[in-house]
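> According to Swiss-Prot, the feature coiled coil maps to 118-187, 219-256. As annotated by Swiss-Prot, compositional bias 'Basic and acidic residues' applies to 105-122, 181-210. The annotation compositional bias 'Polar residues' is assigned in Swiss-Prot to 123-137, 211-224. Positions annotated as compositional bias 'Low complexity' by Swiss-Prot: 253-278. The feature phosphoserine is assigned by Swiss-Prot to 85, 156, 159, 287, 509. Positions annotated as region 'Interaction with YWHAG/14-3-3 protein gamma' by Swiss-Prot, on the basis of experimental evidence: 1-273. The annotation region 'Disordered' is assigned in Swiss-Prot to 97-137, 173-226, 247-294.
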């Protein structure tokens with residue numbers, strides 16, 4: 001801008017303009033009309049050039065001021081002058097310096113109300129101050145929280161050390177008591193053998209009565225001592241179990257404070273079931289590590305197993321079924337129905353198991369307030385008592401009478417025993433969570449829900465209805481924590497209705513000839529009996 005101003009001053013345009021005005025004034029009366037007009041137009045052109053340069057300088061100066069600076073000056077000086085100039089030019093009057101009505105209007109408005117920019121600046125300042133105060137408060141809270149966390153860590157470490165020391169002392173006491181009991185038994189045996197050798201043969205009958213009385217007294221003393229010893233031993237074991245549980249809880253709390261991600265619990269390999277939970281209550285002691293395992297860790301482990309079942313076990317089951325069934329839709333329907341039935345059977349088994357445990361533990365917890373907690377802890381610690389094979393048989397029985405997949409009988413559902421057993425175990429363990437996990441209800445022909453399911457690769461992505469489901473969605477109360485998979489097609493509702501009607505029409509004859517699969521050409525009756533694994537299928 002300074003260069004343009006220097007250039008304007010160095011041109012001396014205004015000085016030559018004044019000289020031309022003086023010359024025109026002297027020659028005005030002697031000139032003709034055309035000459036006067038030419039002089040006037042020449043002066044107007046020169047003034048326009050100067051005015052253009054001045055407007056360029058004005059533009060550069062306004063740009064240097066930024067986005068907001070200079071706005072008030074342009075409103076108060078330039079706009080009123082332009083208004084007066086255009087008004088005078090349109091009316092044919094001379095420009096009067098007292099005309100600027102817009103300037104007066106802007107001055108009145110400026111004195112009446114503050115500008116929006118000032119109000120915005122004040123609002124921004126107030127917001128900035130409040131934000132700073134909030135930031136300071138958050139920083140103070142963060143410092144205080146760090147102090148509290150450090151104190152809790154120190155207390156947990158001290159409690160852990162004290163618990164370990166007490167456990168070691170109790171173990172030493174238990175060993176000493178066992179050694180004393182063994183020594184007492186050895187002394188008793190030695191005394192009895194010495195008394196037997198010292199008896200004279202002539203007084204055998206008379207001493208026999210005394211020996212019997214002494215033996216009865218010794219047996220009574222031995223039984224009393226054994227009962228006392230068993231009570232002490234039981235108390236010591238209970239104290240060790242409680243302290244071990246506290247130790248594992250403190251270790252879990254310290255590990256969670258160091259790393260928030262829970263470690264998944266290893267899957268129990270034992271699937272055997274004892275005769276009844278009442279005998280298990282008397283014989284087996286619940287493992288403290290498993291009973292105190294956090295709900296979050298068990299939930300994470302079960303979600304991982306459920307995801308592995310979808311990504312690996314489901315595909316393995318599909319490979320087994322594709323050897324017998326060529327249609328992919330039928331294979332996927334069978335696996336989905338097997339999963340749904342497995343969850344249903346596992347939930348029923350969990351209810352019966354919990355009722356049985358509650359009845360077995362009732363005499364031991366008369367008048368206790370933590371009865372439900374004891375029942376839940378026992379169920380969590382003894383999930384391996386679940387009879388998964390019985391549930392597998394129930395699932396296969398339900399699949400045999402399902403009208404969507406049971407006819408025609410082209411495959412034996414016992415092929416899916418391993419898959420069904422894994423799903424039953426996962427569903428049974430999910431019922432022990434707080435809150436329990438369950439699968440979402442799904443029906444063919446329903447409206448596709450993007451929150452619950454994802455479409456399969458061969459779906460019609462513009463279809464609004466579900467043709468059939470591939471995998472169920474996992475729910476926690478009413479919240480979806482793991483999406484399922486569904487196939488969507490146009491006209492899915494009518495296709496599902498026609499398929500159901502065809503299946504029900506075929507269900508009138510449950511015995512139909514078996515298709516040619518491998519070497520077996522036998523016909524099979526579709527009875528509800530779940531024992532079908534003995535028949536060869538390939």
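Every residue, even glycine, has its Cβ placed from backbone N, Cα and C.
Help me picture where these features are in the structure shown.
Looking at the coiled coil (118-187) alone, the prediction's average pLDDT is 90.
Residue density at residue 156 (phosphoserine): 16 other Cβ atoms are found within 10 A of its Cβ, drawing on all protein chains shown.
DSSP classifies residue 159 (phosphoserine) as helix under the three-state reduction.
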> Ten-angstrom check, please: count other Cβ atoms within 10 Å of the Cβ of residue 159 (phosphoserine), all chains counted.
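Neighbour count, Cβ to Cβ under the 10 Å cut-off: 16.
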